[in-house]
Structure formats: structure tokens, C-alpha cells
Amino acid sequence: MDLRLLSIATLLGILCFCSAQQEGSDCIKANAQSCGECIQVAEKCGWCTDTDFLKQGESKSARCDELQSLITKGCTKAKIENPRGSTSINKNKPVTNRKKDMAEKLKADQITQIQPQKITLNLRSGEAQTFKLKFKRAEDYPIDLYYLMDLSFSMKDDLENVKNLGTDLMREMKEVTSDFHIGFGSFVEKTVMPYISTTPARLLNPCTSTNNDTCTSPFSYKNVLKLTEDGEEFNSLVSKQQISGNLDSPEGGFDAIMQVAVCGEAIGWRNVTSLLVFSTDAGFHFAGDGKLGGIVLPNDGKCHLENNMYTMSHYYDYPSIAHLVQKLSDNNIQTIFAVTEEFQPVYKELKNLIPKSAVGTLSSNSSNVIKLIIDSYNSLSSEVILENGKLPEGVSITYKSICKNGWVGTGENGRKCSNISIGDEVSFEIAIKSEKCPPEGNSETITIKPLGFTENVEIVLNFICECECSKDGKPLSEMCHNGNGTFECGACRCNEGRIGRLCECSTDEVRTDDLDANCRKDNGTDICSNNGDCVCGTCECKKRENPEERYSRKFCECDNFNCDRSNNKLCGGHGRCECRVCICDANYTGSACDCSLDTSTCLAANKQICNGRGTCECGVCKCTNPKFQGPTCEICPTCPGVCAEHKDCVQCQAFETGEKKDTCKRDCSYFNLIRVKDRDNVGPCPLYMINCKCRMLPLTLRVCVCVCVCVCVCVCVSFCAPECPAGPDIIPIVAGVVAGIVLIGLALLLIWKLLMIIHDRREFAKFEKEKMNAKWDTVRRITPAYCRITPTNVRSENNCSGCFLLFTLQISVPLKARGNSV
């Protein structure tokens, strides 16, 4: 057991070592020409600044390697540039912790729900920086609610119920917050054909054909009431509103939503929780539908209100859903779709496309609108979802949420927490990683915020693109071939137009394209086979840590360490590696020189190769007969026995009979035959037959031989007929079998006869019983019938006499004529 554990530990150590070597080689393969390029390859790559680090023939890229490899090569830790990323918090105001009825009223900008507020990250390529973000849902947080209503004719009864909505909703929302503002807007449709009728009479009153109702002129969107905390003013202005009309069923609600989202000043949005209640009993038009009215310009997403009326509905198309999502998110507006049951499926699909939105079922006359708003607000506010702004190229972000009751979410679920009540606190672990430096290396700023909230976290990203040692570089250094480069971090950074390890080559003398072409084995391959550097058009092959391992040839395409291995030895220890091919020693062959041509290991005791039952391949017998096995094909686990196996050869040599009598010399030459008079005269087998076994082998019914076989080499035979057991007496055996069959047959016949007798007696008894039952049933049925037809004035004695005579007649007929009626 200890040996096995030791072997496993050794194997794991080898795997770890190989893994480390592979990581280090990745740093080298990047062919970094400066410290700045090196640290962008991977987080484990470092740059050795020691001027004496490189060996003869090594290129600058050898300075970039995994840290432990650099130390192993002789670079001290003090000479290794390996800058690390960092995280610093710039603004960390704690979240607000207060109770609604136990503290003074705060303004929205005085309440903090997310912490920290500003962070600076110094990012190195491949290394993630992690920080923790805390969110707490504040109590008594201000709310703005804007009620946007469809005023097409089908919403006539709904308008009556909304006229008192202001004060009723204000009273209900006071239970949630002491700072509540409410506003009102309405919409119908674009004022062009085919959405409305453009006849003069219909433009003045689109409801002339509907029970002589009077409606207001059609319009696209109207901001009736800016957000206010006066519920009575809401009721007053809404009460003055009139229904309008249009021609088609889908409404122009998307135009209205866009204007509500982008006209923040006209609507009166504050930096608080912003709710938009969209009330309708119909579907919606979206981008592309405007073409029916000749409107082809896409919606520009800007505010176009004049005197609180949308004036560009005839000029711009409806907005797309994606455009709406962007504007609602940019302005932190959460949408509640209050729609009738008929259009619930449509708006539920729309909800799935708009983050932080809800759908409620509006009754036919909007009588449940207050409950719908309260329920939808509670649903929206109980969930926090983080979103981030656009990330710079090469930057990624991951989230991990630690929610209520210790629930942990990762992946997309790491962005959100649900079932959050007022006063609950949740946290998020956020990791940001950069895979490369931006082209200019400048700082970038991104934001993370909870959807529907105005607060956010500002994150400044600084990218580590250069090493500290580059600041001490010496321009025009003489160490760089006559001052043709800047000596920094222990190596030359060549000036424009110069290349090479020491900037010794000029691109004017030899074009860079030509240099690369001279260092490629053929079109499409790596420069110097990715095993060296192209210096002035010539490949300088890289040096290996092991001095016995080397790259060679013009393009560094060959090496002496990447050949096949056997028993963990290069070329099996029986050859040499040349250009990744094993050149085997004498008497060895194979891709890893693991196949021996020596056949001595295949010789059997009879000096035959594999006992004549196989071939010798790589010093090992390959048995051609599948039933034989063993080092020399000498074992036959499934054979019936050596005696039975050699029966034919014994017959042909001893008696010149049997199946092999004509081919005896050819097929039975592999053993010798010794004749003796009886078994006692069988002498000892030769030394090489020391393990022979002797058995009695019947050749015919009355003749048998004693066979002594040793690994199919020698067979000793003696005539021992007197000792052969007598054959069985056939007559008694046959007579016994026949007698047994006859007795069994008789026994079966007797059993069958007995069963038949029992069955017949049971059937006869059953017949007798049924016959008696039939006789008495006839008497009971006939006697009353006869007595009923007897005249009533006849004396009783005459009646009895008549009955008796008839009874005699009735029972005699069935007995004689079974079943004939009288």
C-alpha cells in the first residue's frame, strides 16, 4: 500500500511539474520583446531585468517566463519585474439605516442604498480584481408615479374610475412612503391615416357614429399633469379629460412611453423610485408600423413636447422595443402594464424584454387599479438586479450574490436577489478582469447600478501596461548597437526602423517582410518554427534549460527531445533522437526503438520458436492459435487434456492407425515414442521431462495405452490391455430402459381409468338429483291452475275429486312423454 501511495505521489508531482513547465513555456512562446509586452501575456509571467541573464544565442523573449523558471535559470527575485493589480475604495458612505416614523424626513440625495460609491481598480492582464458591493433597501424612500392612460373610446368607463384615483392612491401610498408624487398623461394614436379618420368632421369629433357621443379631437400624447404631491389637483385635471377615438385596434402607446421616459423635466421625474403605469385595453404599434402612414424616419428618442403635446408623431416612426428598453433603463423608470385580461399574453411577452417591469390584470372598468399598482410596486421593489455599463474591449465581469437567508447565486443569477423586504441587506461579490491593455492604455470608467434605482457605483479602471523599470530607460543607449534603441529593463527597445536583439539590423537594408520570409520554412508556418527568433533574416534557435536538449536546422524545426518514449525513456533507451525521429540501435526497431529483434526469448524447451504455434515479435511470442498462450505458447487452458490431444499421433506411431496415419511423420515429429511391455516397465523420463504426467488412454473399446507427456515433447506408450477396464454390458441396460418405459405407461393408464370412473359416478348422481327436482316442480305448477278454473258452485268434495283425477293425469304424461304438454 505504501508503495502505491508513493507511486501516486510521484505521478502527481510529475504532472504538477509538467503543468508548471507548460505555463512557463506559454510565456516564452509569446515572444515578448519588452517588459510591457511580457506582463500582458499572463498573470504568472515575469521579466528578468538582469543584464547578464541571457546566454549565448538566446533572444530577448527568453527574459519573459514563469517566475519559478526565471529563478531556476539564475535570475534573482530582486531583478524580476512582476507588477500586481490592486483595488482601492475612493468613496464609501455607509448605507442609510433609519425607520420611517422614528427619524426626520430625508431627501432622496441624502439616502444611501448602495455601498461603496466609487472604486479604483489597477488591472493587470489575466488577473481579476474582486470587491464587495452592499445594497440595502431603504425605508420611506421617495416614489414618483406617472399614470399614462389610453383614452380611445373603448376606455370610456375606465376614465370614470380613474378620476378619483389621485386622492385614493395617495392615501394608500402613504403607507409605503411619506414622499409620494403622482402625475397623469394620456395617448390615443398618430394623427394620420390609416390610424385615424382625417375627414374634417371626424377630426373634430371622432365619435359621431357612436350614439351621438361627443369626443375630443384625436392626439398622439398629452402630458396632462406634471408629477405633483397634490392628489386633489390630480382628480380635478383628470375629471376634465374626454375620450377620443381612432380607427385601428393597436394604439400608439409606445410614442407616449418614449416621451415620458426622455422628457424628464416636463414630466417632473426626480432621482427617486420612478414608476410608470401604462393602462390600456388594446395592443401596441412598434417600429415599422409607421410606414403604413408614410412615416419612414426612425424614432430619434428625443423629447418633442410643445405645450405638453407630442408634436412629431406624424414625422417619426414608433420606437422599437429595444429603443424603449434603453431609454427606460437610462432614466431608471420601472414600468407597470395595467391591461385587460384579453391582452395579458401580449404584455407578458413584452415584460420579458423590459427589465424591472410588471404586468397586472385590469378589470373591465379599471376599478381594481389601486390594488394592481400596490401589488406591482411590491413585486418590483422586492427584487434587486445589478447591471453594468458598456465594458471596454477585453474587459469581463462576473457576479456572485449573497442574498437573504444565505442563498448564493452565480452566473446570471449572481446579478440579482429576490424577496427583499424594506430594511433587508444583501451583498454582491464582483470580479473584473482584463485580458489585454486598451490600444492607448488610458483609464476607463464604468458604472454598476441596481435596475430601477438612481444610485450607482463608479469604477475607474487603470491598466498596468508597462513595468516600473521602463521609467528608468536610457534612450540612444550605446548598449543598443550604436544608440539605435532605448535600454530599459535589461534589454534594448529598438528605435523605429531597427530590429534585432541589440537593434543591430536595419529595416531599410532588409525589408521586414523579407526577414520574416527568410525565417519561414514554408508559407503559413511560424517564424523559426516558433522555436527561435528571426535576427536579420536568420533564425537563432532558443536555448533549453537542459543543455543536452537543443533545437537545430535552418528554421529551428528539429529537436532531439520530442521523439517517442518507451518505459519513460527517450527512444526506449535503445537509440538516439534526431529531428523528432528515433534512430534505433542494432537489433531494435519501432517508433520508440522498443521492439527487439532478438528471438532467444521466444525459444521453447524443444528449441522451437514459440513451440511452432506462433511468431516472435519484439522478443515476445504472438500465438497464432488463439487457444494457446504463455511465454512460448505452451499453455492451453481450454484444451481437453494432453492425452486426448495427442491421441492421433500415438495411434499413428504405435499402431499406424488413426486420422494421421498418412501424415504421421510430418504432423507428429514433435515428440518421441518409447514402447514398453507394461506400465511398470515405464522408466524415468529424461531430465527435461521431470514434470511429465502419465495417464490411461483408451484407444479402442478393448485396447488402451499408458501415455506420458511432458509439454508435448515426449510420449511413452506401453501395451496394457489386461489392465483396461471391461466395457459395459449393453443388454441389461437396454432391458431396464424398456421395462421402465412399459411400467410407467401402465401406471399412467391405471390412473386415467380411475379418474374416469370417479367422474362418471359424479355425473350420474347429479343426473338423479335433477330428475327428482323436475318431478316435484311440475306438481307445484299444475295443481293450483286446475283448482282456480273449478266452478265456485261445485261442492268441495266434487272439487277435490276433480283435482285428484287431473293431478294423476298430469304427472303420468310427463313421465311417459317427457316434456309434451296436455
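Using N, Cα and C of the backbone, Cβ positions are placed for all residues, glycine too.
Source: prediction; values computed, not measured.
Of the cysteines listed (Cys480, Cys505), TrEMBL assigns Cys480 as the disulfide partner of Cys492. Of the cysteines listed (Cys584, Cys595), TrEMBL assigns Cys584 as the disulfide partner of Cys593. Of all the disulfide-bonded residues given, namely Cys64, Cys558, Cys579, Cys593, Cys621, the one with the smallest number of surrounding CB atoms inside 10 A is Cys579. Between the C-alpha atoms of Cys610 (disulfide bond) and Cys621 (disulfide bond), the distance comes to 6 Å. Model confidence over the domain 'Integrin beta subunit VWA' (34-467) stands at 89, taken as the mean pLDDT rounded to a whole number. Here Cys465 (disulfide bond) comes close to Gly36, Gln40, Cys437, Gly441: these same-chain residues lie at least six apart in sequence, with C-beta atoms under 8 angstroms from its C-beta. Restricting the disulfide-bonded residues Cys38, Cys45, Cys467, Cys558, Cys616 to those with a CA within 10 Å of the CA of Cys579 (disulfide bond) leaves Cys558, listed by sequence position. The secondary structure of Cys469 (disulfide bond), as reduced to three states from DSSP, is helical. Rounded to a whole number, the C-alpha distance linking Cys584 (disulfide bond) with Cys577 (disulfide bond) is 9 angstrom.
Of all the disulfide-bonded residues in the list Cys45, Cys75, Cys563, Cys577, the shortest Cα-Cα distance to Cys534 (disulfide bond) is found for Cys45. Neighbour counts were taken at the CB atom with a 10 A radius for the disulfide-bonded residues Cys35, Cys469, Cys534, Cys584; the maximum falls on Cys35.
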